[in-house]
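Under the heading domain 'FMN hydroxy acid dehydrogenase', TrEMBL lists 26-422. The glyoxylate binding site feature in TrEMBL is assigned to Tyr52, Tyr149, Arg184, His312, Arg315. If you look up TrEMBL, you'll see Pro105, Val106, Gly107, Ser125, Gln147, Thr175, Lys288, Ser310, Asp350, Ser351, Gly352, Ile353, Arg354 marked as FMN binding site. Per TrEMBL, the feature active site, proton acceptor maps to His312.
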Amino acid sequence: MASTQEERAIAAYNEHLGRFDKDLPRLSTVDLDEIEELAQRKLYSSYAAFTYVSGSAGKGLTHKANRAAFEKWQIIPRMLVNATHRDLATTIFGVTYPSPLILGPVGSSPTARAAAKLNVPFTLSTAGSRSIEDVATASANGPRWFQLYWPRSDDITLSLLKRAADNGYSALVVTLDTMQIGWRPEDLKFGYLPFIHGVGSQVGFSDPVFMARHGLPIVHERPAFPYEPEDLENPGGQSDNPPAFDDALRARKVLAFSWIAEMSSGTYRSWDDVPLIRNNWHGPLIFKGIQSAEDAERAIDVGADGIVVSNHGGRQVDGAIGSLDALELVMRSTRVREAQASGKFTILFDSGIRTGPDILKAVALGAQALVVPYVYGLALDGEAGVEAVVKYLLADLSLSMGLSGYKSLDDVRSTLASNMIRKT
């Protein structure tokens with residue numbers, strides 16, 4: 001008997017190890033942490049590309065704080081509730097969606113298609129690898145938002161806002177915590193920066209104001225995937241490139257650096273600058289990166305329609321507050337709660353989510369919708385991988401709601417947080 005148990009244990013262990021073989025079926029697990037490990041294994045020959053996404057600021061203390069914040073809260077399940085049929089719908093900015101999930105800004109057209117299939121809002125980044133127009137086409141009738149890395153030039157800012165509005169992007173997400181890129185040791189170690197070759201500059205290269213400044217026509221590019229710096233520097237591995245190629249490469253790098261200088265210029269905006277955007281964007285205006293009640297109240301004062309409580313996944317300030325802890329602090333504000341209750345102010349959340357119970361905890365603390373991680377699913381299986389991650393989270397959320405005694409997210413919201421979760 002002992003021998004049989006030992007054999008089973010060894011077989012199970014080997015099966016676990018086998019899941020990380022790059023030749024096995026993709027997304028062979030529903031655990032988001034394991035999906036991250038699988039993505040890392042798939043990118044074994046391009047570790048710099050993996051760390052470009054996974055790397056945190058400094059020692060990774062804020063990244064760890066994000067997960068620790070969720071672990072401090074515990075759900076208090078209620079019994080004998082008829083939760084056989086559960087409703088995951090949420091209403092934000094006057095639109096009802098079938099779930100509270102949002103795909104955040106990473107910048108990939110296949111992601112937009114996956115979001116459209118699932119009727120989940122997709123957020124295109126200013127650093128996207130496709131143009132505003134091309135992503136709108138890929139998204140078709142799917143809900144789409146545009147994320148703005150606030151350019152240093154007002155005329156370019158206004159051009160981006162106009163293009164987004166003209167192409168059916170219904171909400172604008174202005175990222176406030178990335179006026180400069182944080183201190184990210186992994187990025188500095190490997191020097192991996194697709195932007196130097198213009199990968200992630202497609203929103204800029206297709207912008208009429210930006211390109212006119214350089215005397216060039218707009219282009220709608222689809223950069224080759226995967227991004228291979230060596231191939232772009234020296235295609236074919238020749239000992240010397242033709243002079244014309246080197247000249248074109250240098251010109252492209254100059255253009256790419258010019259776009260980087262617009263997106264991450266080190267120009268720190270203030271609350272006094274907000275009217276430029278508020279007066280030129282007529283849909284919902286959302287500020288991303290809010291981590292204090294004071295800033296949430298200032299957002300109300302300047303006419304924002306909502307905020308994303310977020311620390312950029314721990315990628316900007318090392319040693320900062322965990323995002324769920326920040327959400328709790330923001331929701332202590334009477335002004336914020338009253339604005340939310342009136343329907344005039346929407347609270348969104350990101351950073352640290354890995355499970356359905358995580359989503360439940362954030363909703364209990366005041367979040368109306370959540371920006372969820374999906375990029376590792378994208379790395380493993382493209383559009384299908386994104387769909388898989390979203391479905392895993394929704395299945396976990398639905399099951400966790402039922403087992404905790406809740407039939408809908410409205411039930412969760414209407415329950416005092418102290419009756420649903422507790423802080424250890």
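Any Cβ shown, glycine's included, is placed from N, Cα and C.
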Among Lys288, His312, Arg354, the one of these binding-site residues whose Cβ has the fewest neighbouring Cβ atoms within 10 Å:
Arg354
If you average the pLDDT over the domain 'FMN hydroxy acid dehydrogenase' (26-422), what number do you get?
94
Residues Tyr52, Tyr149, Arg184, His312, Arg315 [recorded glyoxylate binders]: greatest CA to CA distance in Å:
18
Alpha-carbon distance [Tyr52 (glyoxylate binding site); Pro105 (FMN binding site)] in Å
15
Which of Arg184, Arg315 (the binding-site residues) has the most other Cβ atoms within 10 Å?
Arg315
With Cβ-Cβ distance below 8 Å and at least 6 positions apart along the chain, what are the contacts of Tyr52 (glyoxylate binding site)? List them in sequence order.
Glu186, Asp187, Phe190, Tyr192, Pro194
When you measure from the Cβ of Gly352 (FMN binding site), how many other Cβ atoms are you left with inside 10 Å?
26
For Gln147 (FMN binding site), the spatially nearest of the binding-site residues Arg184, His312, Arg315, using Cα atoms, is His312
To see if you understand the setup: which same-chain residues, six or more apart in sequence, place their Cβ under 8 Å from that of Tyr149 (glyoxylate binding site)?
Ser125, Thr126, Ala127, Thr175, Thr178, Met263, Ser264
Just to be sure I understand the packing, how many Cβ atoms besides its own are within 10 Å of the Cβ of Pro105 (FMN binding site)?
22
Among the binding-site residues Arg184, His312, Arg315, report those whose Cα falls within 10 Å of that of Asp350 (FMN binding site); none is a fine answer.
His312
One of the binding-site residues Arg184, His312, Arg315 has its Cα closest to the Cα of Gly352 (FMN binding site), namely His312
